[in-house]
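A.B. asks: One structure, as structure tokens, below. Some questions next.
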Amino acid sequence: MATMLRLGARVSVSNSQILATSSVVSTIKTEELMNDHINSLCKSNFYREALEAFDFAQKNSSFKIRLRTYISLICACSSSRSLAQGRKIHDHILNSNCKYDTILNNHILSMYGKCGSLRDAREVFDFMPERNLVSYTSVITGYSQNGQGAEAIRLYLKMLQEDLVPDQFAFGSIIKACASSSDVGLGKQLHAQVIKLESSSHLIAQNALIAMYVRFNQMSDASRVFYGIPMKDLISWSSIIAGFSQLGFEFEALSHLKEMLSFGVFHPNEYIFGSSLKACSSLLRPDYGSQIHGLCIKSELAGNAIAGCSLCDMYARCGFLNSARRVFDQIERPDTASWNVIIAGLANNGYADEAVSVFSQMRSSGFIPDAISLRSLLCAQTKPMALSQGMQIHSYIIKWGFLADLTVCNSLLTMYTFCSDLYCCFNLFEDFRNNADSVSWNTILTACLQHEQPVEMLRLFKLMLVSECEPDHITMGNLLRGCVEISSLKLGSQVHCYSLKTGLAPEQFIKNGLIDMYAKCGSLGQARRIFDSMDNRDVVSWSTLIVGYAQSGFGEEALILFKEMKSAGIEPNHVTFVGVLTACSHVGLVEEGLKLYATMQTEHGISPTKEHCSCVVDLLARAGRLNEAERFIDEMKLEPDVVVWKTLLSACKTQGNVHLAQKAAENILKIDPFNSTAHVLLCSMHASSGNWENAALLRSSMKKHDVKKIPGQSWIEIEDKIHIFFAEDIFHPERDDIYTVLHNIWSQMLDECNPQHKKRLQFIHETG
């Protein structure tokens, strides 16, 4: 080395010399060799070592850095995204006697843009004595890459005013900025400029146009640009395949992959594999995915983090978790995204414990979980028994400071909702309510509905209105369901007016919700008016009104509407048949109902559910054909559930068939030993038939096994305020007055009835 220096030879860089940068620099004696050494390091992509050599040279010598070396150092900072070093070198340039020109300034602009310091870039740009096309393009690129599309567009217009003609690089940057701003009109103008200035043959501009049209959801335009490129490159194919995959044209994405492979010119990269595998996931076609997996192996990309991650996600979404795990284990250097995919795959397929186990492996492997990791893990905690595990995850979230992430807080809310802990839901929501978004509000409103707290839901909605968060169609759906829960037609009408005022009423989802609300609140006329006003009625619209008619006792109207639905060419679904079977039951059309039940599968391909079976049991039982109802249950292909047996039990009570009621109750208690309804109905039947001994035995059994009747609840609306009452409520603020009035009414009833009825009333009162 010393001989080379004495001879004034150019400095060449080897790996061994890189390991000892300081010692190498300390042996350099001339300014020329110092500059050559730094340039050589930069050229060999040893950016950190080049910057260290610069620091060492400045501290230990008075060598003058040349213009070309400054350019190399600035490029090193750009490539390594080292903003601090870039500023340091820029300051050194300003304080030196270096006569720097537009080329150096352009490199400085590019460095600041790539490092994300747009303020510095703009300051340099504004003070440049001379600016050329590269200067403008560098700053426009910086704005575009950092999500400031509007600023990029303003600067581009200023560039045109200075009579600078954009080249393909300028077009590439400004088209990307236009795509991020979602300005379709400007995008079309830029496309016209590309054609006018004959840049349409340049790949950079053309590929940018494809990406822009994909961003605008205009795949036909993207496809026209793609097929107008005479010599496509890998980016062209990658952009069009990604576009089709992202926008739901999965078969087209796979078709373009096949077309690309047929030319035999390009080998897919990890990004093309990722887009193609996403298409397979959306189609739920693991057979296609496994073929692409074979291509990945052939291309030696199966161990690549991006391709491996996509493979893992595809197998997990298609339910092949063992394959997903094998692919994950083959990834050479898994990153956080790879871990997140396998955790999400397990969680979304219901393997909560396995997801937690992989999460623990992730942490023990030295990876720090991010918000996606935690959200995926929380998705697995969907049952009350998972509450303890969910709380542990909550403690991790607090420990790692993720409570500031709103998406994580929303996932926590959802977890507590599924795990039936409304108290924790409320406490958590109050902690971040001031920062809540529409997802947060909708989640807490849904939680209230799921836990039968419609009045609390309405209170929270009023708070939402005074917040900065605007209700959306999901909010309206929750409100309408809440109105149904408390049977408040007045409140439902107010929600209807609010949806009209906010412009949400025209949405199909809202209209269907309004039909349901009006029907269940007893205003079938208004429900029908909304139905008739709809331009595009879907199966939900028809089914909702049919069910509404049926449940309100208008069976004939429901069946007429069902015929109209079939005439309109709308294929019924399982909900439709619940409605028509209920209608047949209410109007006593037993044979018609049995015929419809038979045609469900033969004509419409709908497999009967337990709900349909329950409707048939009700149909037969209401007609007094209890033995047929019993035989139907015994011959069911599905295992009868509590609802089916309860339907029979209720019918037995109406028909006074104690023997069959006993069988129904026993089957209910086999499934749910603590079911209070079975005990109470059977007890009531024994009392009604004068069998006081068996009634008393049942009552004693309930007390022994701590079986408690679910307290009834009712609402009353007085002066726009909803009052809620529970049976045996000890917390109501006016409970003493309420119970005094009830006691007086009860005493009056006992005084005015005959002795036989008096005994029955006393027993009912004692059994609750």
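The backbone N, Cα and C atoms fix where each Cβ goes, glycine too.
Bear in mind that the values here come from a model prediction, so they are computed numbers and not experimental data.
Pasting the relevant annotations from Swiss-Prot:
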{"type": "REGION", "residues": "644-719", "note": "region 'Type E motif'"}
{"type": "REGION", "residues": "720-750", "note": "region 'Type E(+) motif'"}
{"type": "REPEAT", "residues": "66-100", "note": "repeat 'PPR 2'"}
{"type": "REPEAT", "residues": "132-166", "note": "repeat 'PPR 4'"}
{"type": "REPEAT", "residues": "167-201", "note": "repeat 'PPR 5'"}
{"type": "REPEAT", "residues": "202-232", "note": "repeat 'PPR 6'"}
{"type": "REPEAT", "residues": "233-267", "note": "repeat 'PPR 7'"}
{"type": "REPEAT", "residues": "304-334", "note": "repeat 'PPR 9'"}
{"type": "REPEAT", "residues": "370-404", "note": "repeat 'PPR 11'"}
{"type": "REPEAT", "residues": "405-435", "note": "repeat 'PPR 12'"}
{"type": "REPEAT", "residues": "472-506", "note": "repeat 'PPR 14'"}
{"type": "REPEAT", "residues": "507-537", "note": "repeat 'PPR 15'"}
{"type": "REPEAT", "residues": "538-572", "note": "repeat 'PPR 16'"}
{"type": "REPEAT", "residues": "609-639", "note": "repeat 'PPR 18'"}
{"type": "TRANSIT", "residues": "1-70", "note": "transit peptide"}
A.B. asks: Using DSSP, break the repeat 'PPR 9' (304-334) down into helix, strand and coil residues and give each count.
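C.D. replies: Computed counts for the repeat 'PPR 9' (304-334) are 23 helix, 0 strand, 8 coil.
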A.B. asks: Give me the mean pLDDT over the repeat 'PPR 12' (405-435), rounded to a whole number.
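C.D. replies: Average per-residue pLDDT within the repeat 'PPR 12' (405-435): 92.
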A.B. asks: By DSSP, how many residues in the repeat 'PPR 4' (132-166) are helix, how many strand, and how many coil?
C.D. replies: 26 helix, 0 strand, 9 coil
A.B. asks: When DSSP states are grouped into helix, strand and coil, how many residues of the repeat 'PPR 12' (405-435) land in each?
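C.D. replies: In the repeat 'PPR 12' (405-435), the DSSP-based counts are 27 helix, 0 strand, 4 coil.
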A.B. asks: The repeat 'PPR 16' (538-572): which same-chain residues, six or more beyond its ends, come within Cβ distance under 8 Å?
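C.D. replies: Here the qualifying positions are 508, 511-512, 515-516, 518-520, 522, 524, 527-528, 531, 578-580, 582-587, 589, 592, 604, 606.
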A.B. asks: Could you pull out which residues elsewhere in the chain have a CB under 8 Å from any CB of the repeat 'PPR 9' (304-334), counting only those six or more residues past its ends?
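C.D. replies: Apart from its flanks, the repeat 'PPR 9' (304-334) reaches 270-271, 273-274, 277-278, 280-281, 284-286, 289, 292-293, 296, 341-342, 344-346, 348-349, 351.
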A.B. asks: Using Cβ atoms and a strict cutoff of less than 8 Å, what residues sit near the repeat 'PPR 4' (132-166) while being 6 or more residues removed from its termini?
C.D. replies: 102, 105-106, 109-110, 112-114, 116, 118, 121-122, 125, 173-174, 176-181, 183, 186, 193, 197, 199
A.B. asks: I need to check the long-range neighbours of the repeat 'PPR 5' (167-201): which residues 6 or more away from its ends have a CB within less than 8 Å of a CB in the stretch?
C.D. replies: 133, 136-137, 140-141, 143-145, 147-150, 152-153, 156, 159, 207-209, 211-213, 215-216, 218, 225, 228, 230
A.B. asks: In the repeat 'PPR 6' (202-232), how many residues does DSSP call helix, how many strand, and how many coil?
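C.D. replies: Helix/strand/coil tally for the repeat 'PPR 6' (202-232): 22 helix, 0 strand, 9 coil.
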